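Listed features, source Swiss-Prot:
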type: BINDING; residues: Cys84, Cys87, His88, Met150; note: heme c binding site
type: TOPO_DOM; residues: 1-8; note: topological domain 'Cytoplasmic'
type: TOPO_DOM; residues: 30-175; note: topological domain 'Periplasmic'
type: TRANSMEM; residues: 9-29; note: transmembrane segment
Amino acid sequence: MSGKELNKIVAAILFASLIAMMVGFVANILYKPTLELQHRGYSVAVQESSENQNTTASEQAPVNIPELMKTANADNGREIAKKCLVCHSLDKDGPNKLGPHLWDVAGRPKASIADYKYSPALSKLGGVWDDDSLFAFLHKPSSYAPGTKMSFAGISKPQDIADVILFLKTYVHDK
């Protein structure tokens with residue numbers, strides 16, 4: 001290929017690029033958008049449902065645990081506690097899984113299973129697992145013991161928590 005042919009090819013490429021650029025400028029002049037966006041993307045307006053508002057209100061309102069325990073249902077608690085079995089065992093002297101076994105947990109000193117390594121957040125709590133502490137922990141473990149390694153989000157309905165506590169208290173006597 002001679003130098004003249006190479007020059008013709010380069011000139012054709014430059015000319016085509018120039019034409020494409022000119023067409024773009026003309027199109028921008030003719031079809032200039034008049035709308036200037038404040039932000040990118042698409043926003044969806046969502047109204048909070050009354051269910052969400054009630055949940056927030058119930059989380060803030062004090063809960064009468066003794067009254068809830070009077071109406072608690074251990075059979076319902078057994079069903080709700082099935083999600084606990086992913087990480088915990090309910091058997092007497094059962095194996096520790098991701099969490100310690102829950103046999104006889106109601107009334108037991110906190111962080112007291114010798115062969116389980118508790119998080120420092122739970123180890124420093126002290127005391128026993130009574131109705132109040134079980135209720136607070138099952139409602140939102142991360143709030144009751146900040147830094148706990150228990151990743152469970154918690155049980156939102158107070159009556160469900162009372163049912164689980166009653167199940168944990170009566171389970172010891174069923175076996």
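Cβ atoms are placed via backbone N, Cα and C, with glycine included.
Our reading of the heme c binding annotation (Cys84, Cys87, His88, Met150) yields a largest Cα to Cα distance of 11 angstrom. Non-local neighbours of the topological domain 'Cytoplasmic' (1-8) in the same chain are absent; no residue 6+ outside the stretch has a CB under 8 Å from one of its CB atoms. The Cβ neighbour count for Met150 (heme c binding site), using a 10 Å radius and every protein chain shown, is 19.
Figure note: comparing Cβ neighbours within 10 Å for the binding-site residues Cys84, Cys87, the maximum is reached by Cys84.
Long-range Cβ neighbours of His88 (heme c binding site) (same chain, at least 6 residues apart, Cβ-Cβ under 8 Å): Lys97, Leu98, Gly99, Pro100, His101, Leu102. In the three-state DSSP assignment, the secondary structure recorded for Met150 (heme c binding site) is coil. The secondary structure of Cys87 (heme c binding site), as reduced to three states from DSSP, is coil rather than helix or strand. For the topological domain 'Cytoplasmic' (1-8), DSSP puts the residue distribution at 6 helix, 0 strand, 2 coil.
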